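Pulled from Swiss-Prot, these are the features on record:
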| type | residues | note |
| --- | --- | --- |
| ACT_SITE | Ser765 | active site, charge relay system |
| ACT_SITE | Asp842 | active site, charge relay system |
| ACT_SITE | His875 | active site, charge relay system |
| CARBOHYD | Asn220 | N-linked glycosylation site |
| CARBOHYD | Asn360 | N-linked glycosylation site |
| CARBOHYD | Asn824 | N-linked glycosylation site |
| TOPO_DOM | 1-99 | topological domain 'Cytoplasmic' |
| TOPO_DOM | 121-938 | topological domain 'Vacuolar' |
| TRANSMEM | 100-120 | transmembrane segment |
Amino acid sequence: MPVDKKSGNGRPSLDSVSSISTTSIVFDHLNDLEIHKKHRPHLMTESIRRDDHLSDFDDDDPLKQEMDGEGDLETGPFLAGRDAYTFGGGKYMDRKFRRIMIVVAGLLVAAWVGGLFVYIASKSYKHATTVEHDPEKTKAAALTSGKKITMDQVRSGTWYAASHDITWIAGPKGEDGLMIEVGADGKDYIVIEDGRAENPDSSAEAEVDVTASRRTLMKNGSFRYQGRMHIPSGAEPSRDQQKVLLRTEQKSNWRHSHTACYWIWDVATETAEPLIPASPDARVQNAQWSPTSDAIVFTRENNLYLRTIGSKKVTQITKDGGADLFYGVPDWVYEEEVIAGASTTWWSEDGKYVAFLRTNETGVPAFPVQYFMSRPSGASPKAGEETYPEVRDIKYPRSGSHNPVVDVQFYDIARGDVFTVDINGGFADEDRLITTVLWAGSQVIVKETNRVSDIMRVVLIDVKKRTGKTTRTVDVGKIDGGWFEISQNTKYIPADPKKGRDQDGYIDTVIHNDGDHLAYFSPPDNPDPIMLTSGPGWEVVDAPSAVDLENNLVYFIATKEGSTQRHVYSVQLDGKNMKSFTDTEAKGYYDVSFSSGAGYALLSYKGPKIPWQKVVSTPANNQRYEVLIEENKELAESARKYDLPLLNYGTLNVEGVELNYLERRPPQFSEKKKYPVLFHQYSGPGSQSVSQKFSVDFQSYVAASLGYIVVTFDGRGTGFIGRKNRVLVRSRLGEIEAQDQIAAAKHWASLGYVDPSRIAIWGWSYGGFQTLKTLEADAGRTFSYGMAVAPVTDWRFYDSIYTERYMLTPQQNEDGYTKSAVHNVSALASNKRFLLMHGASDDNVHFQNSLTLLDKLDMGAVENYDVHVFPDSDHSIFFHNANKIIYDKLENWLVNAFNGEWLKVNNAKPVELVHPTQLVREREKAKLRKRWQEIQNK
């Protein structure tokens, strides 16, 4: 379930600002009383609205136009309590009281002047920070007097860390360290760069042909064909770099897939020809070069074709593709939940065979997605039907319904025939998921599971002999009662006796020591691997990252230094001599991409400090290379001049399990105050929200600029806390996760700096589901408010592959599905209020989820909620300014909640009409009551 500066303002120190504001407010309101004393209106006992706050201070706040009354810098906006303030039970405010106020004000002024003198003399005041944002340092000392971050900055990407992607390619002769650049500033449009020739070490440069360091494949970012101009949106060079496959007129389909017009660019002649000569404007779903650069396989209208280079011949490989049959491309559910990509086509390394998936959706029910404001198909409606919504029917298998039937097929280029290989003992068609297809020389490794993903088998197919066998079967349910994790990272290791590899093999992720670890299977049919990593207490992540075949080294990312960190390591193929590639002495969260031969790497440091990127040589490379390509200077400057939240990392023990949390505190946090708390979580199985990555997002904004505490807490069921704690949620999604969020909220409610009456929770997608389940389980005892965006409310409505992995089928687990649905509306009614938002054209979590919940709320006469629907928005909620609106709604709704506005929604009664001057007097008195209460509290 799944979504890219200025100098300090020189304000006085925090202490000075707060003192000035306190005394000034007293005198201002004494003057107000003098002006209005002749009217002497009664003071009514009432809850004080936060929009009545004075906002004379902090006038430069960019959010002030959107929200009345920010409050002063010390308090932060909207932190005052909600209790009613009264003076003498409604008696007149007489002269005696005024004299008391004057005396109090005088004492406060004297105390402030004396304190200011001592404060300045001791030189203990702080200016805006001048150091790089460091979460570890902010634990000890708050950043002071900086600018406030704004939601517009968060939305516009001001706080995004700049980053670069490198597309590594192998040279025509297998050369390592080559990169392709497309559309780079100051360079030709498509350029092959050889990093070896730009080595800072001059001695290494001498070994490389510098003239070959940069090769242009396409000079201009456009081309003409038959008088028409075309602008590429993507490019893929052939292995021999003589031609380039170009995409134009690209149109998005689902999350990963698209259609486009494809062209073959000839580097030597600088001309283009259509991939399909007879149909230049034909829309193609997927196209791939053969490793031998002499052919392209592609899918059009769900059929597979072969284009031979050197001729205009196009061979149709399959002929029955259509609405229900897919060849070489995934259907919706495989694209979303299995492949995480747009292609199910795989060339053999010698270019003699093509493996592909055949997906049959004949039995899969369709779900209609309606578009009321737009027509994504681009088709014009029929005359007289212009006012009807466009409907797109998606074959969407829900839990317990018919799944697509998927099998692996092969095309023999020389013989021109399609064939399959039957394996005894396999899963039945309706009970089979194919998760991995990997060429291993002339053999193919296929990993498949049953539909509930708890039995996995590995099949080895010999395409030349057209035979196959099952090499190993793993019953994950018997290991820990959990499920098999889908991965696309299995790596083939070819035999090389000179390097000590007598036989072919492959590296895969297996369950070992309560976690995911790397295993080396050689030969491929050997069921007993060499364990490359073993733990316990840590796991590998999306591993392996790369294999250096020259040096028998395997690179991978792991949580060895801590579950919220990511470091890069290497290990030998015999499982010995594991070394860190990154600096493990400091906390860090790294990502990495390796060159084709693993001699070079793009190393990306993502936090906790300001992110940076370097291109470096790997330890086994004798040519030392290190170039900083991104240091995010502008981001670092912003972090120095803006007040960012204080980050407090830790663990909370729940049921004997140490669970990670991240507490974001306001920049001027004080344990003497009472703060509202917003919990933000995703909570999906195997997910992780608490990490050491640098991030300034909506949660950061709420903490830093609204002045609330924001807690992210990863409960049981989430990732990297050991499989036994991850798989506890199987068959009962939402139950344990809710218990853990409630336990965390109770912990924060017990803290002296938290207002236990103002605790809220929010989330999107699975996080929206978990928000509702937590409110349901808590029934208002701990959480007062919640905000759920695009939530699942009944797992019977979600797709089969994702849902059944964790819940089994509804037929197997009827009681579990019933309990996991959001169903106890009386418990939801016990909360003060909650917000529900959804995109009406969500193809992932269907709008039916929210409509079903609304119907249950109606049937239960529950009214303590608000709803916002976004027309034509999908799961990301972006259509027609929707993404801005949804975050504005989240912010304003939360502020109103913590201000107590939602306490007035039941048994609404009209307000007695009064003269406008009376309203002014009442408002001024309300301001005074509030400020007097603040003085007493201090």
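We number each residue from 1, going along the chain as drawn.
Even glycines carry a Cβ here, placed using N, Cα and C.
Values in this document were obtained by computation on a predicted structure and should not be read as measured data.
Annotated features, which come from Swiss-Prot, shown on the structure.
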| residue | record | Cβ within 10 Å |
| --- | --- | --- |
| Asn220 | N-linked glycosylation site | 10 |
| Asn360 | N-linked glycosylation site | 17 |
| Ser765 | active site, charge relay system | 22 |
| Asn824 | N-linked glycosylation site | 17 |
| Asp842 | active site, charge relay system | 21 |
| His875 | active site, charge relay system | 21 |
Quiz item: Which of these recorded positions is closest to Ser765 (active site, charge relay system) if you go by CA atoms: Asn220, Asn824, Asp842?
Solution: Asp842
Quiz item: Say you check the Cα of Asp842 (active site, charge relay system) against those of the recorded positions Asn220, Asn360, Asn824, His875; which is nearest?
Solution: His875
Quiz prompt | For Asn360 (N-linked glycosylation site), the one of Asn220, Asn824, His875 that lies nearest, given that the recorded positions are compared by Cα | solution = His875
Exercise. To the nearest whole angstrom, state the Cα distance for the pair Asn824 (N-linked glycosylation site) and Asn220 (N-linked glycosylation site).
Key: 62
Quiz item: Can you check what DSSP calls Asn360 (N-linked glycosylation site), collapsed to helix, strand or coil?
Solution: strand
Quiz item: From the Cα of His875 (active site, charge relay system) across to the Cα of Asn220 (N-linked glycosylation site), what is the distance in angstrom?
Solution: 37
